[in-house]
Each structure stands twice: as structure tokens, then as C-alpha cells.
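If you look up TrEMBL, you'll see 1-57 marked as domain 'SAM'. Sequence annotations record features per position, and here TrEMBL assigns region 'Disordered' to 93-164. Taken from TrEMBL, the feature compositional bias 'Basic and acidic residues' applies to 99-110. Here TrEMBL flags 112-122 as compositional bias 'Low complexity'.
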Amino acid sequence: DVPAWLKSLRLHKYAALFSQMTYEEMMALTECQLEAQNVTKGARHKIVISIQKLKERQNLLKSLEGDILEGGNLRVPLQELHQMILTPIKAYSAQNSSPEEHGRDVDSHHPSSLLGSEGQGSECKDPAAAGMQQHHLPGCEGESGGAPLPEGDLPGQFTRVMGK
């Protein structure tokens with residue numbers, strides 16, 4: 001939910017700019033590109049820092065999983081997970097999987113921009129959630145961490161940490 005994320009950053013006035021971008025374009029934004037779109041200097045800096053934090057979520061999740069397995073306090077990991085779930089997370093689809101599992105069905109529901117209609121957003125989440133449950137729950141059952149998740153599978157990693 002990009003508009004809610006921008007609002008949490010107090011940058012919601014730039015929601016229209018982000019509505020024209022794909023997730024990949026948003027993640028690759030630079031200060032120069034934002035300057036060309038007449039984004040103020042302070043907002044440019046805040047957006048670039050916030051996107052950098054989005055890029056670091058995979059490593060943060062791995063760290064949180066380790067902290068939980070060591071038996072530490074759950075308050076901090078739960079707070080981190082709560083903050084993370086409020087950020088834009090792209091549905092993961094394995095490139096090597098069969099078309100029936102992840103191909104046309106999931107991709108056909110993805111809006112072309114980050115800010116699709118409510119109907120498109122809910123359709124997009126359901127196939128991803130179903131795929132995540134079928135594919136990742138067995139890894140959550142064991143204490144050892146299960147099979148390694150592919151790089152970029154943020155929903156799977158998030159689910160694994162929640163399972164711990």
C-alpha cells in the first residue's frame with residue numbers, strides 16, 4: 001500500500017508521482033530523478049533513505065529470525081515486523097516455477113502501476129498469499145530454519161519469521 005506508506009512518511013502529496021511507477025522503478029529511484037519531478041530537497045532525501053530501508057528488509061528479516069531463534073525478547077522483532085508490514089512489499093513469484101503456480105494467474109492480477117484500484121489490490125494479494133502458504137509453511141515448522149528462501153522472497157521470509 002504505497003499511499004499509506006507515503007502518508008506514514010508524511011510524503012503523501014507525492015502519491016500521484018508514485019502512481020505512475022512500477023515497484024522496480026520506485027526501488028531504483030535516485031535523488032536526480034526526484035529532482036526532475038520537482039520534489040523538494042528534503043522530501044527527495046527522505047524518499048531515497050526510505051527506499052534504501054526497503055532494500056534492507058531482507059537482511060533485517062534474517063537478523064530478526066536469528067534473534068528469535070536465540071530466545072531473545074520478542075517485543076523488538078514484533079515491532080520491526082509491524083513496521084515492515086506497513087511498507088510496500090511486492091508479491092514474490094519464482095521464475096523457475098510452473099506457469100500454473102505462479103505465471104499468468106498471478107501476473108494478470110498485477111496492476112501496471114503501484115497504486116491500483118482496491119479491487120486489483122485485493123486480487124493481487126490472494127494468489128500471492130495462497131502461494132506463500134503452500135510453499136513456505138513447512139519451513140516454518142522446524143527450529144533449524146528450514147530450507148533457504150530465494151533472494152528477493154520478502155513475503156516468504158516475513159512469513160518464516162512470523163512462524164518462529
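Yeah, the Cβs are placed from backbone N, Cα and C, and that goes for glycine too.
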Helix, strand and coil totals (DSSP H, G, I; E, B; other) for the domain 'SAM' (1-57): 42 helix, 0 strand, 15 coil
Across the domain 'SAM' (1-57), average pLDDT on the 0 to 100 scale: 93
